[in-house]
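**Student:** Got a structure for you, written out below as structure tokens; questions coming shortly.
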Amino acid sequence: MFKVENHTETLTDTKDFMDVEYPVMEHFYTIQGEGAHTGRASYFIRTAGCDVNCWWCDVKDSWEEEGHPRLTVKELVYAAENSGAPFAVITGGEPLLHDLLPLTLGLKSAGLQVHIETSGSSPLSGQLDWITLSPKRFKKPTAEVFDYVDELKVVVLTKKDLKWAEDNAAKCPEGTKLLLQPEWETPKSIDIIVEYVKKHPEWGISLQAHKFLKVP
Ligand SMILES: C[S@@+](CC[C@H](N)C(=O)[O-])C[C@H]1O[C@@H](n2cnc3c(N)ncnc32)[C@H](O)[C@@H]1O
Ligand SMILES: Nc1nc2[nH]cc(C(=O)O)c2c(=O)[nH]1
Ligand code: SF4
Ligand SMILES: [Mg+2]
């Protein structure tokens, strides 16, 4: 949970934030396929732009802002609210490249909880009810994000990623949900994760269930 301090008074007028635009690759009503909320109906907003560039990223088309439409908070909130989803997931690309206060205020004003999927490598912004941190060596998380993380979800390809996972877990608050996620194109990572979780049951496994369900 994170709530940026001292900014809301600058955005008290609804007009202030409903007209703010974001580069959006896609937005869609689906089932959360990853993490502790797997299986729950949620409205995804995939912002465009990422400066981390993981070579195994499964949404490389999100990396450039150019070529994606700029949508207003009003448009995004309208779609999310009318979907009936109980919560929105702001993802990307790297969503924290953008000031998320206007978008999160808009979503929350419509009664949605706001979750984020982030590498944590840019400063926190906005009002976030659930922070899923997926830390990347390519651009490391900021120190601040560890004070607010709810769920640590580390993508695993090889055994060295387990040490990376533990190094990040050591910085998280007590009670943070710890999850290891196989890299989708690396089948051997599943055996690595299963063996590790059986030895270290404080960790759980996150699969990309949406890819099995064949939903976006
Ligand atoms: C596409 S990223 C977007 C949000 C943010 N940039 C991040 O990395 O958390 C969303 C989630 O998908 C994970 N992910 C991306 N490519 C993946 C892959 N090939 N296999 C498994 N997980 C992947 C990321 O680690 C992250 O947890
Ligand atoms: N269904 C579904 N669940 C997801 N959880 C995290 C995703 C992401 O790309 O951020 C994602 C996604 O792309 N689709
Ligand atoms: S940080 Fe996220 S969106 Fe960016 S390259 Fe890595 S997995 Fe893809
Ligand atoms: Mg995805």
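Backbone N, Cα and C define each Cβ position, glycine as well.
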**Student:** Please identify which of T91, T176, T186 is recorded by TrEMBL as part of the substrate site containing I31, Q32, G33, R46, P216.
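**Tutor:** Substrate site check in TrEMBL: besides I31, Q32, G33, R46, P216, the record includes T91 out of T91, T176, T186.
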**Student:** Which single residue out of G93, G106, G175 does TrEMBL record at the S-adenosyl-L-methionine site shared with W56, C57, D58, S134, P135, K136?
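**Tutor:** According to TrEMBL, the candidate sharing the S-adenosyl-L-methionine site with W56, C57, D58, S134, P135, K136 is G93.
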**Student:** Enter the number of other CB atoms within 10 angstroms of the CB of W56 (S-adenosyl-L-methionine binding site).
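**Tutor:** Excluding its own Cβ, the number within 10 Å is 11.
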**Student:** Which binding-site residues from the set Q32, G33, D58 have a C-beta atom lying less than 6 Å away from ligand 2?
**Tutor:** Q32, G33
**Student:** Near ligand 3, which of the binding-site residues I31, C50, C54, C57, D58 are found, taking a Cβ distance under 6 A to any of its atoms?
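**Tutor:** If the test is a Cβ under 6 Å from any atom of ligand 3, the answer is C50, C54, C57.
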